[in-house]
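Visitor: As annotated by Swiss-Prot, active site, nucleophile applies to Cys327, with the evidence given as an author's statement. Among the features that Swiss-Prot reports, S-adenosyl-L-methionine binding site is placed at Gln193, Tyr198, Arg205, Tyr222, Asp243, Ala270, Asp287, with the record citing experimental evidence. According to Swiss-Prot, the feature domain 'PUA' maps to 5-79.
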Amino acid sequence: MLGPVLRLVVKAGKERKLRNFYPNLYRDEIAAPPEGVGVAEAVDAEGHFLAVGYYDPRSRVPFRAFRFDPGPLNRAFFQGRFARALRRRQGLGESHRLVHGEADGLPGLVVDRFGEVLVLQVRSRGMEALREVWLPALLEVVAPKGVYERSDVEARRQEGLPERVGVVYGEVPEVLEVEEDGLRFPIPLALAQKTGYYLDQRENRRLFEAMVRPGERVLDVYSYVGGFALRAARKGAYALAVDKDLEALGVLDQAALRLGLRVDIRHGEALPTLRGLEGPFHHVLLDPPTLVKRPEELPAMKRHLVDLVREALRLLAEEGFLWLSSCSYHLRLEDLLEVARRAAADLGRRLRVHRVTYQPEDHPWSLHIPESLYLKTLVLQDDPL
């Protein structure tokens, strides 16, 4: 049944977190930690029920709540969670995020869907321990042809868990064909970044393609497999993609060849490559990897971002658009605005905020879990007077 076998007492005052549906409890928030590891019931100082979750003192987050009503963490529970996630993604096409961790009530689990293949990541000890319960439930609800695991992320290493990479169910091609709005990307799953494709930028890519005009010049920095660059080329614009990942640039090259499109490619680190380029470009896109994983890293990373944005603005055409994204929770929208102001001041450029976007609906943002909002994009336009 996997009903609660442990009882965890929460410190007075800290029970408000669970009552407000925040799922994580840290060591200093637990008054009476249970002996052992396993499914646990969290109660307040007076013994009133708060949540059911998984307790493991070796985890950086010892208790993660799975449900806020009494009950087991059995196959039926996980079937219900997966069925709800599937229902909420109806109409989003064949490529989307099916499970987005805590925001879908499944802490430590990410599942991306690419047609009939699922690619998953297990990021927490609790979800790893419950694998034999939730994996059959996932297969029953979604009925994929194959499931591939890419549990080789930093969050897993922080949990002290070994990496797991490979096929866990059915048949999965070595090279997965990922489709998005008529573009197809041949992704080698064993070599790809994360789960293979950055689905969270889908709506930004659509917005970008709608804004690009034939004959414009586009610079796609941190391009990965060229989701933006290929859309620019499809609209008749000149596109230059920059990335340090040779495998990703190879995928971009193959995708462009198949479509009969031209995208120029530069292999290298972003900042030195930008310094060696000449403009102008009508669109410059900066989508760096997670730059800030801990709050203490924020000042140094903001300085680095100012350098990047300054070079991007140097290359930006008059009335051109700068797209600045951050997938770091600790780098807030206010930080991005500050970075842009500092870089613009250095060059004497006047900018206006054309648009601010966030992650799409298949990467849900829970009001009660601030960390579930991670992707922010500033679309800035050069605004001379």
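Every residue gets a Cβ built from N, Cα and C, even glycine.
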Visitor: Between Ala270 (S-adenosyl-L-methionine binding site) and Cys327 (active site, nucleophile), how many Å separate their Cα atoms?
Guide: 17
Visitor: Quick one: Cα separation, the residue listed as 'active site, nucleophile' versus Asp243 (S-adenosyl-L-methionine binding site), in Å?
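Guide: Here the two Cα atoms lie 17 Å apart.
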Visitor: How many other Cβ atoms sit within 10 Å of the Cβ of Ala270 (S-adenosyl-L-methionine binding site)?
Guide: 22
Visitor: By DSSP, what is the split of the domain 'PUA' (5-79) into helix, strand and coil residues?
Guide: 13 helix, 28 strand, 34 coil
Visitor: Looking only at Cβ atoms, how many others are within 10 Å of the one on Asp287 (S-adenosyl-L-methionine binding site)?
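Guide: Cβ-Cβ neighbours of Asp287 (S-adenosyl-L-methionine binding site) within 10 Å number 22.
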Visitor: Going by DSSP, is Arg205 (S-adenosyl-L-methionine binding site) sitting in a helix, a strand, or coil?
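Guide: Helix, per DSSP.
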Visitor: In whole Å, could you give the widest CA to CA gap in the S-adenosyl-L-methionine site formed by Gln193, Tyr198, Arg205, Tyr222, Asp243, Ala270, Asp287?
Guide: 20
